[in-house]
Structure formats: C-alpha cells, structure tokens
Amino acid sequence: MRVKGIMRNCQHLWIWGTMLFGMWMICSAVEQLWVTVYYGVPVWKEATTTLFCASDAKAYSTEAHNVWATHACVPTDPNPQEVILGNVTENFNMWKNNMVEQMHEDIISLWDQSLKPCVKLTPLCVTLNCIDKNITDWKNTTIIGGGEVKNCSFNITTSRRDKVHKEYALFYKLDVVPIKGDNNSSRYRLINCNTSVITQACPKVSFEPIPIHYCAPAGFAILKCNDKKFNGTGPCTNVSTVQCTHGIRPVVSTQLLLNGSLAEEEIVIRSENFTDNAKTIIVHLNESVEINCTRPYNNVRRSLSIGPGRAFRTREIIGIIRQAHCNISRAKWNNTLKQIVEKLREQFKNKTIVFNHSSGGDPEIVTHSFNCGGEFFYCNSTQLFNSTWNGTDIKGDNKNSTLITLPCRIKQIINMWQGVGKAMYAPPIQGQIRCSSNITGLLLTRDGGNSSSREEIFRPGGGNMRDNWRSELYKYKVVRIEPLGVAPTKAKRRVVQREKRAVGTIGAMFLGFLGAAGSTMGAGSLTLTVQARQLLSGIVQQQNNLLRAIDAQQHLLQLTVWGIKQLQARVLAVERYLRDQQLLGIWGCSGKLICTTTVPWNASWSNKSMNQIWDNLTWMEWEREIDNYTSIIYSLIEESQNQQGKNEQELLELDKWASLWNWFDITNWLWYIKIFIMIVGGLIGLRIVFTVLSIVNRVRQGYSPLSFQTHLPTPRGPDRPEGIEEEGGERDRDRSVRLVHGFLALIWDDLRSLCLFSYHRLRDLLLIVKRIVELLGRRGWEALKYWWNLLQYWSKELKNSAVGLLNAIAIAVAEGTDRVIEVVQRICRAIIHIPRRIRQGLERALL
C-alpha cells in the first residue's frame, strides 16, 4: 500500500512539474526588449545657431577695405560636398527663416563697422548759398534750367577752430533742400542734417558685393530644398544637406533684384500670403535680363579741410555731361513680363494684370536704387512698369525702340537702409562710371480694393532688405544634428547583478555643483553625474560670457563681424561635442557607437514591434515618436549606470575572495584564530550563564544544589520503547547520564547539543513545509480535476444540445420540404389533367 501511495504522489509531482514547466516556457516566450544607445544616428531638429562665412575674397577684389570685409572669412571649399537625402520630406518656410535675420544683422554690422572710423560731416550742417551749376551737355549747349547740380558756398572751420574761411562745393539737387521760412531761395542745407548723423564713407571703402557663403558649425547642418518649383513654404521631397550655402552677393537694391541666382526651369513667384496685398511678392526669374548703367561725364575730386584731421571730398565737373542712365533690352523685358503675367494669372484667377509705377514714398522706394561703381543711382522705373496684360497681349508699349532707357539721378547723401536716423555721404568717384548687372528677380506689391474687380494692379516695391536676402536663402534651413539615439533591441548589457538600494538620489539631483561639499563621501558619490554636468555648464557659461565681452569690445580688439562669428562657431562646436561625449561617458558608452544597457524597454514609450521599428521606420520618424520620452529614457540609463558603478565597487571590495589561496595567508589565519576564540568564549559564557540560571531556579523551588557528579534525568526519545536498561533501574521514560568532565568534553557536549537541536528543528520545519506543499498540491489537483470534469460535462451538454438542435432543424426542414413537394406535385397533376377534363366535359356535352 505504501508503494502505491508513493507512486501516486510521484505521478502528481510529475504532472505538477510538467504544468509548471509549460507555464515557464509560455512566459519565457515573451521577448524582453532593452534600451540600446546609438551614436551617430541621422537625426536632426530645427535650430538657430551662429553661422560663419566662407568667401574667396582674393578672387574678386584686392581692395582690403571692402565694406563686406570678406577677408576675415574662411576660404571656400574647393570641393563642396552635397549629400542627397533619399526618402526624406522636410518642411521649409522662407518667411520664418532665422538665416535671413542673421544675414540682415551681419550686413548691418558690416556697414556700421566699415563706416565707424570715417569722418562725421556734422560741420557741414551750416547754411549753404547755392546757385545752379552751368553744365555743358553733349551738344555743347549750356544748361541752366533744372539745376541738377548746385554750386554752394559756405563758411567752414579750418585746421584752427578759431579761424573760419569760405569754401564752395558741388552738390546734387537731391542732397540739399531750401531752408524753410527763408524767402531767399538761394539758402539751402544738407537734406539729412535735421534727422540723421551723416558719415562720409572712407576714401578707400568699396561697395562692390563679393559672394558670401554662409556655413554651419560642426554639429549643425544646412538642409537644401532642390525642388525646382518650390514656392518657399511647405514640404519639400528633394532634400540634400550641405555645409555651406551657395555664394550670395549682398546686393543692396530696390524694386529689381540684381546678380542673384536664377530659377532652374520656369519663373517662380513667392509670397507669404497672395491674398494679403500688404505682403511682398518675390519674383524669381529663370533667365536674367541685362541692365547697363552709365554716368558719362568726368569728375575730379577735390578735398576741403573742415577741421583738425578732417577732410570733405567734393567734385569738379570737367568736359561734357550726359544724364546718368540705364539701358535694358525691350524684347527681353517684355518677354520676362509675359512669363510673369502667366504665373500671376494662375494665382489671381485669370484677371487682367496691370503693371504701374510706384505709388510714392522715399526716393529709395519710388525709384530703382542701387550702387554702381561707388555712386548711388536712383533710376526712374516707370517705363518698366507701365503696361496692361489681357491674357498674353500687351497694351501700353507701342514704342519701336529696341532699348528701354531709364533716366537716373545720383545722390551722395544716402538714407541708410539699416535704420532710421542714419545717413552716409558717398564721396564722388573720379572718371566715367559703367556697370553691367543682371536682373534676376523683382519685388512687387499688389493694390488692394474691390476683390470683384477684373484687374489686378502690381507696382514695384522693396526697401526691406530682408526680402533681398530671402530671395537667395529661401531653399535653406539650419538644423541641429542629434547623434544620440535610443531604440529597443534584444541585447542586454552583461553587468554585475545586484539589487538596487533605495537611496535618495532624486533629491541629490537638485543639488548644485558644490552642494554636496559638506556631505559624506558616500552621499557625495551619488552626485558625481550632477557635478560633471554642472561643470560642463560652467565651462559653457564662461565661454558665453567671454563671447559677450568680445562682442562688446570688438572695436578695441579690431575684430570684424566675421571674426566674432568664427570664434562663436568654433566654441559652439566644442560645446556640442563635449555635451555628447559627456552623456556617453555618464552612460558608460565612451568610445562606442552601439551601446547596450540594462534598462528594460517600456511599451508605453512605443508599442511597435521590432520588425515595425527596424524595417519600416526611419530614424527621423522614430525620433518623432519617442521624442516626448527621451528625457525619461536618458535618466533611466543614467540611474542604471550609477547602480552598476556601485555594484562594481562592492564587487571589487570582495575581490580578495576570488582566490582560495588567500585563505592560507598568515594574516587570514590569525583572523580565523581570533574568530574561533570568540566563538569558544561565547559558548563557555553561555554555558556558565545557563548553569547559574538553572541553580538559581532550583534553589527557588526548594532544592539544594548537589554535586556536579549527581545523575540528572534526561528525557527519553520518542523512538525508544519503554524497557529495562542494561544496568537496571526504574521502568519509566527517563534515563540518567553523568555530567562530562574536562574542558574539551564540555565544549564537545555543547556543540553536539546545538547541532542536534538545529537538526531536529530543521527536520520539523521541512516536514511542515512538505505537508503544506502536499496539501496544496492535492487541493490544487482536485480543483483542476473538478474544473476539468465540469468542462467535460458542459462540453457534453453543449454537444448534445447542438446535436438536438440540428436534428430538430433537419426534421423541420424535411417535413417542410415534403409538404412543398407534395403541393407542387398536386399542382403539376392538375395542370397535366386539364386537357383530360376538357375532353371529358366535351364528351358529356355531346352525349
């Protein structure tokens, strides 16, 4: 019977073991994913950063005092690389592009810096007595009317401030205005004296634009849209990455965009909002239109002393004169307008397009203003914008001449485009001036009014130089490269396994760099990561302070705007690299491109499978999906690495147990002897204490202490039957033993008693655990059998019910089918018997 019971128990244990093994296999089938760090992933985010310039200034001009100061730029890359980004769609917005704002600020700074050491013309803000200058034109005819040039005399301080003498100078009519309230029409003043500080451009300053390449520092990149019909806003599917832009000439002009880039296929018109007439329309031409400008007459510069160390440079006109003018091919211009009209009609629902002259404003806006050979031309563009287009037919241009000649006027006192309250005096240029430029774009404004009108009127615009820069930077944007990426993988870092300890590290994260100085070394070690990060932040802050100081004192350091940008770009690149390397070091991933961690992947971050992530998503798409959880993942990796560091430290402290040979070291033996003596002493002490307590207890019960030789009764074991001992004695369950003699015997008896006690208690505990396990197994097995029987019963009932239902349905269907067949048969018989019934009826009728 016992053998059968053992076999039944073994069967139960076998079944239980099989079930547990199956459950373990099912649970282990679920793959555990772990966070893996990748360095160098192709991920970027939109950013604003300090760009620096690259230019080949020597190839364009040897003049060291060019206003653009491009000699401070780095040389251009002879082999620029452009990487096409396949399967990438990126959004661009030319109207909200920080590159435009940065270029605008740079050009303003360059102009201000170039004019800063030049002479202020405040002493010339005096009363001028002016008369018209008699000029001979190319027909040898004296011209007095019109007064294009004024000969003005004035009192001026010489090299000695207490001495004044009379001088004269020639001014253009546009540069002087009559003094108000003065009836004498010959009294004038300089036009900007009451509103601006006039600075005379230095004699060696040149305004010839040199192509400037804007470059991104290390850690950043410039994305370029290569869609040939890109309108400046929205998604771009043909994207590439470059380190520098193409060469951009910072041409300061209004109405017409000069010497820029061309559209690759057809003309493109761009506007932030075509329905808003306050928004400028930028027209990007696909073919340039040449404009040739000339100032025919000859000038000779003369210098006037206007104070100690100051000189005012004026002119003398020698020889014949023609009015300054510009020539444009009429056929090319009309063909260009025709293509522009086609694009405008697409936007404005096939309305009649009308081009009209500027509606008024400052001379810079009303005319086409630009710099030609150092002189500032203001050309009347009415002939360019004076036509009506109904479809592709032009009205209003009936002239047969092949050239359009724009009359131009020259100003020497220029309203600075950088801001209000600034003006510049451009010294006269000697000799004849000729310049040839290419019109590559237009700036247009649209009249508002009745939207139901059949006409749309467009006028030349400009004045906001940001639109000039925007026409070249529309296809670029700056992004910050994020080389650190995290993704789930099946790989886990093999580390020293140890339970985490609940240490208050969260509070330590908010300590400052020196906040842990008064803490213990153990508590301070928890803030090492924080201290490293704070240290880098301090370095970055110190560099930023240095840059601000340099920027504020650049006039003393003789640094150009480009020099400041070079320094900023280099510092920024170092900061970016240090930040990434610091994070890799904190995570224990220094020098690794792929670094596994012990952080389990949380499905709440992304519940996509491995195949969906690695086979279907790009790094950019993956980064957008987990962007909200990146900081959490970073903090978990950091905590995991900190715990790993503590585990390794504790492991190293236990490293002396790695070799058993160390156990035989003399120092270890002395330690073993010390421990043995302490144990023996403790046992002896416990023996003495228990003996004293036993004696005291017996004395309290009324017994007197006996000799240690007295036999004491000891309880008989339950496995010993009652009986007579070998030497006789009473028939009870007790036996007497003598107390041991000697020190070693006493120790041995105590150790034996302790071991027996431990053995009995452990055996009892194991028996209890065994009974509990058997009881739970038996109850569990009975419960499983009950549920199995219940499942079989209900399965059988459901089966019988289903069979009965099917039988009933089959019987009902069969009976119904039989009845239908019977009815059909009767109908068919009746139809078949109709002729017979007719015949029988006829026979009866005949009888």
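Glycine is no exception: its Cβ is also placed from the backbone N, Cα and C atoms.
Bear in mind that the values here come from a model prediction, so they are computed numbers and not experimental data.
The signal peptide annotation in Swiss-Prot covers 1-31.
Annotated topological domain 'Extracellular' per Swiss-Prot: 32-675, in sequence order.
In the three-state DSSP scheme, Cys73 (disulfide bond) is classed as coil. Per Swiss-Prot, the feature disulfide bond maps to Cys53-Cys73 (among others); the stated evidence is sequence analysis.
What Swiss-Prot records for Asn87 (among others) is N-linked glycosylation site. On its own chain, Asn87 (N-linked glycosylation site) has Thr618 as residues at least 6 apart in sequence with a Cβ closer than 8 Å to its own Cβ.
Marked as disulfide bond by Swiss-Prot on the basis of sequence analysis: Cys118-Cys202 (among others).
Per Swiss-Prot, disulfide bond is recorded for Cys125-Cys193 (among others), and the stated evidence type is sequence analysis. Residue density at Cys125 (disulfide bond): 14 other Cβ atoms are found within 10 A of its Cβ, drawing on all protein chains shown.
Looking at the region 'V1' (130-151) alone, the prediction's average pLDDT is 61. Marked as region 'V1' by Swiss-Prot: 130-151.
When Cβ atoms from all protein chains are considered, those within 10 Å of Cys130 (disulfide bond) total 25, not counting its own. As annotated by Swiss-Prot, disulfide bond applies to Cys130-Cys152 (among others), with the evidence given as sequence analysis.
Summarising the environment of Asn151 (N-linked glycosylation site), the number of other Cβ atoms within 10 Å of its Cβ, over all protein chains shown, is 17. Taken from Swiss-Prot, the feature N-linked glycosylation site covers Asn151 (among others), and the record attributes it to sequence analysis.
What Swiss-Prot records for 152-193 is region 'V2', and it gives sequence analysis as the kind of evidence.
The annotation N-linked glycosylation site is assigned in Swiss-Prot to Asn183 (among others) on the grounds of sequence analysis.
Annotation comment: Swiss-Prot describes Asn194 (among others) as N-linked glycosylation site.
The disulfide bond annotation in Swiss-Prot covers Cys215-Cys244 (among others). Residue density at Cys244 (disulfide bond): 22 other Cβ atoms are found within 10 A of its Cβ, drawing on all protein chains shown.
According to Swiss-Prot, the disulfide bond annotation covers Cys225-Cys236 (among others), on the basis of sequence analysis. DSSP gives Cys225 (disulfide bond) a strand state. All protein chains considered, the CB of Cys225 (disulfide bond) has 22 other CB atoms within 10 Å.
Counting only same-chain residues six or more apart in sequence, the Cβ atoms lying under 8 angstroms from the Cβ of Asn231 (N-linked glycosylation site) belong to Val268, Ile269, Arg270. Residues or ranges marked as N-linked glycosylation site by Swiss-Prot: Asn231 (among others).
For 293-325, the entry in Swiss-Prot reads region 'V3'.
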Spatial neighbour of Asn602 (N-linked glycosylation site) that is closest, considering only the recorded positions Asn151, Cys215, Cys293 and their CA atoms:
Cys215
Composition by DSSP (helix, strand, coil) of residues within the region 'V5' (453-461):
0 helix, 6 strand, 3 coil
Taking only the Cα atoms, work out how far Cys326 (disulfide bond) lies from Asn356 (N-linked glycosylation site), in Å, as a whole number.
19
Listing them in sequence order, which of the disulfide-bonded residues Cys215, Cys244, Cys379 have their Cα within 10 Å of that of Cys53 (disulfide bond)?
Cys215, Cys244
Going along the chain, which residues at least six beyond the ends of the region 'V5' (453-461) come within the CB cut-off of under 8 Å?
254-256, 280-281, 344, 348, 351-359, 365, 368, 381, 384-385, 388, 442-447
Using a 10 Å cut-off between Cα atoms, which of these disulfide-bonded residues sit near Asn151 (N-linked glycosylation site): Cys73, Cys130, Cys193?
Cys130
Write out the long-range same-chain contacts of Cys152 (disulfide bond), meaning residues 6 or more apart in sequence whose Cβ is under 8 Å from its Cβ.
Leu128, Asn129, Cys130, Ile131, Tyr168, Ala169, Leu170, Phe171, Val176, Tyr188
Given the disulfide-bonded residues Cys326, Cys589, which one has the fewest other C-beta atoms within 10 angstroms of its C-beta?
Cys589
